Amino acid sequence: MVGFGCGLSYPATVTITSQYFDQKRGLALGIFSTGSSIGAFIYAALQKELIRNYGLEGCLLITGALSLNILACGILMRPLPQPYAVKPTMKTQNTYKEKESDTEEHQEILEKIPEVETDGPCCLSSDQNGHTVQQMESTEHNISRRPYTNLRRRFNKEKCNHYLDYWDNTKDLFKNRAFTALFLAIFLFDIGGFPVVLLLEDIAKNANIPENSMPVPLISIVGISTAVGKLILGILADFKWINSLYLYVFTLLATGLTIFAMPYVNTYTALALVAGIIGFSSGNWSIFPYVTTKTVGLDKLTHAYGILMFIAGVGYCLGPPLFGWCIDMTQTYELTFYLSGTCVIIGGILLLVIGLPVWDKNACKKPNRSVGQEVSNT
């Protein structure tokens, strides 16, 4: 349930932040993403103290109460005003409400009207010249009563059309080669890059590095460097002379090459350096929405980012058990590191080879104005 809640709040916050900012979008996303890393770093130390002082139940109660503050933050988020929207007056609002209530009332009445159907012939009689002529009456009349459902059928049809439009828009997104390359890159990055962070402490134990000789835990180094990377990469993405797609590809390749070097690391200093590089490169989450916006446009950002976050979650789920099984089969970490680094590097190369030509082609065209720019000009 916690993961489901985070999955609902995180993409929504990212897309809203991207829509709010035009000039400093990278910096805004960097600050936003840095907050999540700092929070994770603080919570790790805070939870230990809470469990020691209040027990597990008290810790969960306090943590849940702190998490509820997201409701107060969410209340402050509002959709941007439409540039050409007509401001409704009190009179038009009242008229609309009256029409809406009348429509609902008529719908309820129509649904209650029965419709009679018969499969037998009708009975006719006439009196002419003193004779009565009557057709043979049907012995059985298959009469059925069913509610009047034309309006309901129309509403269901509109709902089906909405779903069909959604799938059509999804297919249109995958016709964009840059988006498809980004889809594959984030999937491979999460499969290969995430499990390595979980193995850092085990790697230190396997290298016979005593725990008391590590002044700063390796996981904490990853958290701090990730926060710094998110902020710095977000700032760099705002510079016009820096291609944000190149920047994102650079972080993927740097992560993959660093993972390749991990089998040769056997000291705390080297492990701390590796953890710092991986953490800093993992800060590319701050520029990922920026790259997505540049790839599909602001009007399709919500749809596209939701798809990308879904496949990223699939990669997160598949990576740890896959490489854990590999370690159990080989009884060594080396093959796991090579496979992990290969996945990340392949994702970077695919994005560089497939996505970059389309990216450059779109960059040569006149950029479309975003919603925020239209609002400011209006």
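Keep in mind that glycine also has a Cβ here, set from the backbone N, Cα and C atoms.
Where the annotation comes from TrEMBL, it is an automatic prediction and has not been curated.
These come from TrEMBL:
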- 27-46: transmembrane segment (TRANSMEM)
- 58-77: transmembrane segment (TRANSMEM)
- 179-200: transmembrane segment (TRANSMEM)
- 212-233: transmembrane segment (TRANSMEM)
- 245-265: transmembrane segment (TRANSMEM)
- 271-292: transmembrane segment (TRANSMEM)
- 304-323: transmembrane segment (TRANSMEM)
- 335-359: transmembrane segment (TRANSMEM)
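Sequence-distant contacts of the transmembrane segment (335-359), counting only residues of its own chain at least 6 positions beyond either end whose CB sits under 8 Å from a CB of the stretch, comprise 176-178, 180-182, 184-189, 191-193, 195-196, 199, 243, 245-246, 248-249, 252-253, 255-260, 262-263, 294-295, 323, 326-327. Looking at which of 27-46, 212-233, 245-265, 271-292 has the most CB pairs under 8 Å to the transmembrane segment (179-200), the answer is the stretch 271-292.
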